[in-house]
Every structure is written in C-alpha cells, then in structure tokens.
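Novice: Annotation source Swiss-Prot lists domain 'Lipoyl-binding' at 19-101. Taken from Swiss-Prot, the feature N6-lipoyllysine covers 60.
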C-alpha cells in the first residue's frame with residue numbers, strides 16, 4: 001500500500017516500500033504555468049534532504065525542485081524530455097519527476113499528509 005506525503009516546497013512523494021516517487025504538486029505547476037523544460041537528476045545520484053535535485057522551467061520562470069528526503073535516484077521520468085507539459089497535465093500522476101530509494105524513513109515524519117498540505121495552500 002502506498003502513502004503520499006507533501007512538503008512546504010510543494011513536492012509530493014508517493015512511498016511504496018523503500019521507493020519514493022517524487023514530483024511537484026498540482027498547486028506548484030499552476031503557479032509556474034506551462035512547463036517547457038525539465039532538468040532531472042541522474043540515476044545513481046545521492047541526494048540529501050533539501051538538496052536542489054531538479055529544475056523545472058516554465059514560460060514564467062525556472063524553479064528548483066528540492067529533494068524531500070535522503071536517498072539515491074533510481075529512475076527518472078524519461079517521458080518528460082519529450083513532453084515536459086506532462087507535469088502540467090498530470091502533476092501528481094504521469095508527471096512525476098524521479099524515483100529514489102529511501103535512506104531514512106524517519107524523515108517522512110517531518111512531512112505533511114494531504115489534509116495538512118491543503119491547509120498550507122489554503
């Protein structure tokens with residue numbers, strides 16, 4: 001069974017076992033506008049919580065996407081190279097950015113559930 005967490009920087013994580021799928025929230029993509037380019041981390045990259053892991057560029061601005069937890073990148077969403085707008089269309093489904101192997105599950109305790117995130121974005 002998977003569980004979804006959210007960060008104050010508007011990333012989401014879907015946890016399945018030891019693997020976290022990471023992306024930006026629907027709210028974040030709405031604020032950015034139409035995405036035109038996504039720069040993703042390489043597989044094998046070790047990330048620490050808070051590291052700048054990816055960049056999403058829209059017609060408005062370029063924004064860093066931060067690693068919500070410590071872990072190793074094990075897969076990236078190759079489809080975004082040809083169609084970065086997938087993030088706009090389905091930010092919390094097919095528009096995921098990367099998958100990572102968790103190093104410390106206790107870090108999840110500092111993240112928000114969906115209800116807390118909805119309060120954050122008002």
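Each Cβ is built from the backbone N, Cα and C atoms, and glycine gets one as well.
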Novice: Given a separation of at least six residues and a C-beta threshold under 8 Å, show me what packs close to residue 60 (N6-lipoyllysine) in the same chain.
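Specialist: Once residues fewer than 6 apart are set aside, residue 60 (N6-lipoyllysine) is near 32, 33.
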Novice: Which of the three DSSP-derived classes (helix, strand, coil) applies to residue 60 (N6-lipoyllysine)?
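Specialist: Looking at the DSSP assignment, residue 60 (N6-lipoyllysine) belongs to neither helix nor strand, so coil.
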Novice: Over the domain 'Lipoyl-binding' (19-101), what is the model's average pLDDT?
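Specialist: On average, pLDDT over the domain 'Lipoyl-binding' (19-101) sits at 96.
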